[in-house]
Amino acid sequence: MRYGFDIGGTKIELAVFNDQLEKQYSERVETPKESYEEWLNTIVRLVHKADEMFQCQGTVGLGIPGFVNPATGIAEIVNIRAADHKPIIQDLETRLGREVRAENDANCFALSEAWDEENAQYPSVLGLILGTGFGGGLIFNGKVHSGQTGMAGEVGHTQLNYHALRLLGGDNAPIYDCGCGNRACLDTYLSGRGFEMLYRDMQGEALSAQAIIQRFYAGDQSAVKFVELFIELCAISIGNLITVLDPHVIVLGGGLSNFDYLYEALPKALPARLLRSANVPLIKKAKYGDSGGVRGAAALFLSK
């Protein structure tokens, strides 16, 4: 069996999958926030419970809101204080007596989609999350590309370029501070939160993303104008990723991925932002939704 964990700041979810990545069982518990020992023991208890339930010793994959440096084994998980700057892989392997693998949760999302039967034909899959933040993961031949420090795919912490700033008003463009310490990171613009902040600052009215989209479909001209601008901003930013990575398919997840107009408008806007010889990759909506993280974590032990 394949055990996949989604490690969040408020909850830890375990899901058990068979070798075909079909879910057999799942359980959620609260995330211990202060005690590292309690955090480790929570995961260990869930693993042992699954072992007993399925009469096997399953593989253990973790999806975390951060990364583990491959060189040092130290986790960087700033919103889970109990496990931040701790050797989580080594300590879990010692307690469980088996190999443990961990990846950023956006990488796990992308890996889950890459292992879908419809996407398995593609050698490269770029997963992008337009949710609370903007993140991504790159999959080559069914494997996560993590980079030398585990930080590959942190597309949300690249910054707006010249064309994006001009689109947003040049010297008058809204510039947002990012939690990483930089300014004008894509995380603060292409996320659901960024969508709302941009509308507020450019249209002078604070609305939820859902309300903005409802106005767009109702034909409200301020919403229509804003959405077209946002699509162009996505085309500039995602176009840069396509130029560098040249993926076969892009899968979108997160709350804004439910905005169906994206799949109509973005492919039309992208060619103007790419080299003439480039192909616009297939852009599609994620299939697994909230289950993508645990499913991708379980897939960390699969290979083509």
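Cβ atoms are placed via backbone N, Cα and C, with glycine included.
As given in Swiss-Prot:
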type	residues	note
BINDING	4-11, 133-140	ATP binding site
BINDING	HIS157, CYS178, CYS180, CYS185	Zn(2+) binding site
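Known features from Swiss-Prot, placed on the structure.
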residue: GLY4; record: ATP binding site; DSSP (3 states): strand
residue: THR10; record: ATP binding site; DSSP (3 states): coil
residue: GLY133; record: ATP binding site; DSSP (3 states): coil
residue: ILE139; record: ATP binding site; DSSP (3 states): strand
residue: HIS157; record: Zn(2+) binding site; DSSP (3 states): helix
residue: CYS178; record: Zn(2+) binding site; DSSP (3 states): coil
residue: CYS185; record: Zn(2+) binding site; DSSP (3 states): strand
Other residues near the Zn(2+) site, CB within 8 A of the CB centroid of HIS157, CYS178, CYS180, CYS185?
GLY156, GLN159, GLY179, GLY181, ASN182, LEU186, ASP187, THR188
Relative to the Cβ of THR10 (ATP binding site), which residues of the same chain, six or more apart in sequence, are found under 8 Å away?
GLU30, THR31
Pairwise Cα distance for ASP6 (ATP binding site)/CYS185 (Zn(2+) binding site) [Å, integer]:
25
Cβ atoms near GLY133 (ATP binding site) (within 10 Å, other residues, all chains):
22
If we check Cα distances from HIS157 (Zn(2+) binding site), which of the binding-site residues GLY4, GLY8, GLY137, ILE139 wins as closest?
GLY137
Among GLY4, GLY8, GLY135, GLY137, the one of these binding-site residues whose Cβ has the fewest neighbouring Cβ atoms within 10 Å:
GLY8
Using C-alpha positions only, work out which of the binding-site residues CYS178, CYS180, CYS185 is nearest to GLY4 (ATP binding site).
CYS180
List the same-chain residues at least 6 positions away in sequence whose Cβ sits under 8 Å from the Cβ of CYS180 (Zn(2+) binding site), in sequence order, or say none.
HIS157, ASP187
Could you give the Cα-Cα distance between CYS185 (Zn(2+) binding site) and GLY8 (ATP binding site), in whole Å?
23
List the Cα distance (Å, whole number) between GLY133 (ATP binding site) and CYS178 (Zn(2+) binding site).
10
Report the same-chain neighbours of ILE139 (ATP binding site): residues 6+ apart in sequence with Cβ closer than 8 Å to its Cβ, ordered by sequence.
ASN107, ALA110, LEU111, GLU113, ALA114, SER124, VAL125, LEU126, GLY127, HIS145
